[in-house]
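Student: Structure below; questions to follow.
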Amino acid sequence: MQLKLPGMVSTALDQPLTGKTSVGARAFCGFQDCFSRLRSMDPVRIAVVGAGVVGLSTAMCVSKLVPRCSITVISDKFSPDTTSDVAAGMLIPHVYPNTPIPTLKQWFRETFDHLFAIANSAEAKDAGVHLVSGWQIFRSIPAEEVPFWADVVLGFRKMTKAELKKFPQHVFGHAFTTLKCESPAYLPWLEKRLKGSGVLILTRRIGDLWELHPSFDVVVNCSGLGSRQLAQDSEMFPMRGQVLNVRAPWVKHFIRDGSGLTYIYPGTSNVILGGTRQQGDWNLSPDAEISRGIFSRCCALEPSLQGACDIREKVGLRPFRPAGVRLQTEFLAQDGRRLPVVHHYGHGSGGISVHWGTALEAARLVSECVQAPRTPTPKSNL
């Protein structure tokens, strides 16, 4: 089979923010008119900067956990132009160096429970969330035969010898059922729900978080890779990921090599083949040689993929931070004035697996900022 790669690229958060303009947001030519109106409606004004899966889920959690507030999601691009749109979306969590395992497990469980409820509702199709079963396979027996998340997913067990015959190069494996969250459907679904609850979607590129003062009382920074600039976080850098989207409707089970570099994830309309982890690489153009390597590795695990068609390439820049997720409140100060900022970024390639759990934690930090005594802010001149 000759591999034809037309080179469809989904860009990542290579700018500080991402997003699209809602009909309501287009009516606002600037912050002054917008937020003088919002101020009369609600005293607590919260801005969420960034509109990937982390930003939108955080806005949703804040709307549920923080009473009497107005929320605005500010971004210059939304789906389908975010890094989240390129994510494979399989719920298999990663370990973050500075996050205790009990905390990570809580984040994963809260995310799994949230998406599991959607998968069992009438909203499942529109939200792009569904259950999928399959195997995680290893060429040697892993140090931890039972991972920390084993009792969160469904039906976790060791693979039988009969099952392992399908993968002659592998000697050990896990079989389980987890969830797949397809971001190109999930993000617009979240956005629709936010708009329905009164959240304003505003298109604007932010160069400095302080420019949101005094129009907002609290800012939540969910700008991902953009935090290199907005939070002046030099630890943030891209982890380039390249995948293939193919049509292979006969593939029903996921297959993930234990290293996490080779995977086959079936979705509702296509199968995602991956992948790469290229540290510090900002290149958003697909590499044909890498694509051939991905296809070859995946076909070695599932030979029937030789018959796949409609092969498309996608590239995204994961917001990687060696220490892991940053969930922290910072107070920006200038001329005696303060602006509380809740930072929520740095998920790397594991954002989908823990996004709701970390968003709940970010919302709790926002609630603490709201409950603290606030100094009256002057009228905005923006």
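Using N, Cα and C of the backbone, Cβ positions are placed for all residues, glycine too.
Grabbed the feature section from TrEMBL, which reads as follows:
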- T83, S84: FAD binding site (BINDING)
- Y263, R318: D-dopa binding site (BINDING)
- 45-365: domain 'FAD dependent oxidoreductase' (DOMAIN)
Student: Could you state the whole-number distance in Å separating the C-alpha atoms of T83 (FAD binding site) and Y263 (D-dopa binding site)?
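Tutor: Their Cα atoms are separated by 19 Å.
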Student: In whole Å, how far is S84 (FAD binding site) from Y263 (D-dopa binding site) when you measure between their Cα atoms?
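Tutor: The separation of the Cα atoms works out to 18 Å.
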Student: Between R318 (D-dopa binding site) and S84 (FAD binding site), what C-alpha distance do you get in Å?
Tutor: 8
Student: As a test of the contact definition, list every same-chain residue at least 6 positions from S84 (FAD binding site) whose Cβ is closer than 8 Å to its Cβ.
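Tutor: The answer is G52, V53, V54, S183, L187, G351, I352.
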Student: Pop the mean pLDDT for the domain 'FAD dependent oxidoreductase' (45-365) in here, whole number is fine.
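Tutor: Mean pLDDT across the domain 'FAD dependent oxidoreductase' (45-365) comes out at 96.
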